[in-house]
Amino acid sequence: MKLITNKQGLVGNITVPGDKSMSHRSIMFGAIAEGKTVIRHFLRADDCLGTIKAFKALGVKIEETDEEIIVHGTGFDGLKQADGPLDIGNSGTTIRLMMGILAGRDFDTVILGDESIAKRPMNRVMLPLQEMGAKMHGKDGSEFAPITILGKQSLKRVEYHMPVASAQVKSAIIFAALQADGETIIHEKEKTRDHTEHMIRQFGGEIEMDGLTIRVKGGQKFIGQEMTVPGDVSSAAFFIVAGLIMPNSEIELTHVGLNPTRTGIFDVVEQMGGSLVVKDSSRSTGKLAGTVVVKSSELKGTEIGGDIIPRLIDEIPVIALLATQAEGTTIIKDAAELKVKETNRIDAVATELNKMGADITPTEDGLIIRGKTPLHAANVTSYGDHRIGMMLQIAALLVEDGDVELDRAEAVSVSYPTFFEDIRSLLK
């Protein structure tokens, strides 16, 4: 696909799609709650539609209208054995959280996905669930999908110290803990996104959060809710960076989720001297949301590492692009988790942006980016990774000497089906 290039400014207003993490979880909680859950501003992208498909296969009645998703939940015990394997496509969130949900059911399930899912590590989820009494295994006894979950297991409480900072692993343990005897205690390595914890409370459940320690009791019942999903800050990030690096630009992003566990990119933009203002913030069904305004800015390099990394892990590809347009060196470290995303994002970012003229050195746990560098025409690939694909389109906007051809552009639909349309709507 030929990308949009050689543009002199982006001006206008965008409402980014619903938050991907929250859209997944809204379906999951709606399914295990009792009664009707109505979800507005749901992300109708491949990953989240895959979660709907999976729960329909498990016997949950889900209606889809133009404005709403309506889930008719009948509790954990209302889930039924699927007729065949659950195919969750490209969604790591779906497979890992479903492992926790299905660990305590009284039927067997096989979960599989695409070629990317088949390469992603699942021991990080299987090991704590097995400690709780779950029985599951990967293909040929490995840790890789397809994952077979054996039903009719009694789950027991566990006190678990997480070896990696992962909201997906934490959430899988929480879903299993809701079906276990007693109180499960989870100690996080670093604070990660806490949508699952907040949604437990939103759906009428109880959970204790004290710093990095989480306590959750089994046997809880949930009640269906009405909710509006805020805009996804990870999707907004592409327009935040575009507005900062494109000359003569000012972009307003409305109804963006402002959960502090997700807004690390705001802190980085401030460190780099970028113009970013948050206004009109309000609580949307328990979640903070607001309008984010960005303008063209002169940027300087910075160092990014430590406990901020889980707050911006999905934004690092586009933050790396931002750093190519900053004066000086930017160092990103403590981000080895990027190697086990949809692709090895450390290598993918360095390889593809360097093709375009950037000066980036990949490291074991991050990137060293030397700026400021002009970007040039090139043939690039997304590797089938939606965030790499969208980052490369933002990079292409700066190119003045020819075309940028993106291979596997269709990956963008995983999280942002209208991305290219929204870019065009901002062109002067």
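Cβ coordinates come from backbone N, Cα and C, glycine included.
Marked as active site, proton acceptor by Swiss-Prot on the basis of sequence analysis: Asp314. Annotation comment: Swiss-Prot describes Lys20, Gly92, Arg120, Gln168, Arg345, Arg387 as phosphoenolpyruvate binding site. Summarising the annotation, Swiss-Prot assigns 3-phosphoshikimate binding site to Lys20, Ser21, Arg25, Ser166, Gln168, Asp314, Lys341.
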For each of the binding-site residues (Arg120, Lys341), count the other CB atoms lying within 10 A of its CB, then report the residue with the highest count.
Lys341
Under 8 Å by Cβ from Arg25 (3-phosphoshikimate binding site), counting only residues of that chain that are 6 or more apart:
Leu97, Ser171, His195, Thr196, Met199
Considering the binding-site residues Ser21, Ser166, Gln168, which residue's Cβ sits among the greatest number of other Cβ atoms within 10 Å?
Ser21
Between Gln168 (phosphoenolpyruvate binding site) and the residue listed as 'active site, proton acceptor', the C-alpha gap once rounded to whole angstrom:
13
The largest Cα to Cα distance in Å among the residues Lys20, Ser21, Arg25, Ser166, Gln168, Asp314, Lys341, listed in the record as binding 3-phosphoshikimate, is 19
Name the residues of the same chain, 6+ apart in sequence, whose Cβ is under 8 Å from the Cβ of Lys20 (phosphoenolpyruvate binding site)?
Leu43, Ala45, Asp47, Cys48, Thr93, Asp232, Ser234, Ser235, Ser415
Do me a favour and check the Cα-Cα span between Ser166 (3-phosphoshikimate binding site) and Gly92 (phosphoenolpyruvate binding site); whole Å is fine.
12
Taking only the recorded positions Ser21, Asp314, Lys341, which one has a CA atom nearest to the CA atom of Arg120 (phosphoenolpyruvate binding site)?
Lys341
Around Arg345 (phosphoenolpyruvate binding site), how many other CB atoms lie within 10 A of its CB?
26
If you draw a 10 Å sphere on the Cβ of Gly92 (phosphoenolpyruvate binding site), how many other Cβ atoms land inside?
21
What is the Cβ neighbour count of Asp314 (active site, proton acceptor) at a 10 Å cut-off, with all protein chains included?
25
Calculate the distance in Å between the alpha carbons (Cα) of Arg345 (phosphoenolpyruvate binding site) and the residue listed as 'active site, proton acceptor', and round it to a whole number.
10
Spatially speaking, which of the recorded positions Ser21, Asp314, Lys341 is closest to Gly92 (phosphoenolpyruvate binding site)? Use C-alpha to C-alpha, please.
Lys341
Please report how many Å separate the Cα atom of Arg387 (phosphoenolpyruvate binding site) from that of Lys341 (3-phosphoshikimate binding site), as a whole number.
10
